[in-house]
Amino acid sequence: MMVAEKPAPGVFQVHEAADDEQEPASPSSPRKMHSLDFEHIGALAAVAESLAPGSRWRRALTSARFVIFQAKINVLLPFGPLAIVLHYLSGTHQGWVFLFSLIGITPLAERLGYATEQLACYTGPTVGGLLNATFGNATEMIISIYALKNGMIRVVQQSLLGSILSNMLLVLGCAFFAGGLVHSDRDQVFNKASAVVNSGLLLMAVLGLMFPAVLHFTHSEAQYGKSEVALSRFSSCIMLVAYASYLFFQLKSHRSMYSPIGDEEEATEEDEDEKEITQWEAICWLFMLTIWISILSGYLVDAIQGASESLNLPVAFISVILLPIVGNAAEHASAIMFAMKNKLDITLGVAIGSSTQISMFVIPFCVVIGWMMGREMDLNFQLFETATLFITVLVVAFMLQEGTSNYFKGLMLILCYLIVAASFFVHVDPDASEN
């Protein structure tokens, strides 16, 4: 016969104690309300502390420490104000004004690249590469507008051509060389499809620059001196439409084609650790650095002719070699850094993307701006410059067709740039007397 077991002593007491413990957890419990109040008060206090004036000042000082005081290259910053002072104290030593302005712009261009990289951490690799190319070209664009305003059309043409040559040969060559040395055990891989699209755009730019030059030197114009300008303006509008279509293609319709490949997918996870300043701080620094670069660019352009005479250097060499090296300091540092981190797609976006942007946007834009200013800026870059650009595009296109890079490819590109620099050192510009 089954006998019901009696509950052990103390069981009912345990259940009663458990019920007693559950009672304070009810929503109407004063203890729970107090804990919630303390949590909300703590969160509000943290927000208030972040918005306090002292906190904003601390954040600003931290941002200034990263942008200004952390980089060793910023020891060159005083050369900018010294160039301005020297310009007003002595108008005869234009060579020193040019050199000091050139040295003063160098750290500004490099810091512009740093601020762009910080902004790129919040946007992703595709938009990041586009931002690097755009703000990296801000220096060249500002210098070109100042020179165009002063009627120095050949300086505009040669400096923009030099920027393309510098990005495609020197910047990309140094990036491939440095990345190849760091990853010497294997070839680095990049997105071949996007490189082919950029090569096609560069060949289209060569096409746009070649026909005005051929039309001029074959003396086959319908109206001498006017047909090449009209053709240049029409071609510039077409090139601007092509570049706008390329941006839509890159950022919207075929966005997946520009996604990182290989180890870069893992490398993009490291972006969180690379963020040193906030997104809005990066935008503010970009604005301030661009203004300071535009001020120094005015003094730099004014001193080019005097520097050519005092330093005994051809204006073509100054415009094609010296100015772009300074203007491309941001791209140079960014491309090498990304290549060493095996982020070659961003490296190509900076170097080749920058060349594409100059050839398909900045040069046509300067033609349109000159049209609005009443300056006859055209796409006739003379036969020597056009032939140099054509051969350079072919060399780089052959280097990119396999979709791989190594230190030897980088070395070849650097040596090609040295040949180009030597060529412009002994080159006499046929239009030098006119400008």
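Cβ coordinates are placed from backbone N, Cα and C, and glycine is handled just like the others.
Since this is a predicted model, take the numbers as computed values, not measurements.
Taken from TrEMBL as is:
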type	residues	note
DOMAIN	96-251	domain 'Sodium/calcium exchanger membrane region'
DOMAIN	282-424	domain 'Sodium/calcium exchanger membrane region'
REGION	1-32	region 'Disordered'
TRANSMEM	66-89	transmembrane segment
TRANSMEM	95-114	transmembrane segment
TRANSMEM	126-148	transmembrane segment
TRANSMEM	160-183	transmembrane segment
TRANSMEM	195-218	transmembrane segment
TRANSMEM	230-249	transmembrane segment
TRANSMEM	282-301	transmembrane segment
TRANSMEM	313-339	transmembrane segment
TRANSMEM	346-373	transmembrane segment
TRANSMEM	379-400	transmembrane segment
TRANSMEM	407-428	transmembrane segment
Contact call for the transmembrane segment (95-114) against the transmembrane segment (313-339), three or more Cβ pairs under 8 Å: yes
The transmembrane segment (66-89) touching the transmembrane segment (282-301) per 3+ Cβ pairs under 8 Å rule: yes
Residue distribution over DSSP helix, strand and coil in the domain 'Sodium/calcium exchanger membrane region' (282-424): 120 helix, 2 strand, 21 coil
Leading stretch by Cβ pairs under 8 Å, where the reference is the transmembrane segment (230-249) and the options are 160-183, 195-218, 313-339, 346-373, 407-428: 346-373
Considering the transmembrane segment (195-218), which listed stretch of 66-89, 160-183, 313-339, 346-373, 407-428 counts the most C-beta pairs under 8 Å: 346-373
Highest-contact recorded stretch vs the transmembrane segment (407-428), from 66-89, 160-183, 313-339, 346-373, CB pairs under 8 Å: 160-183
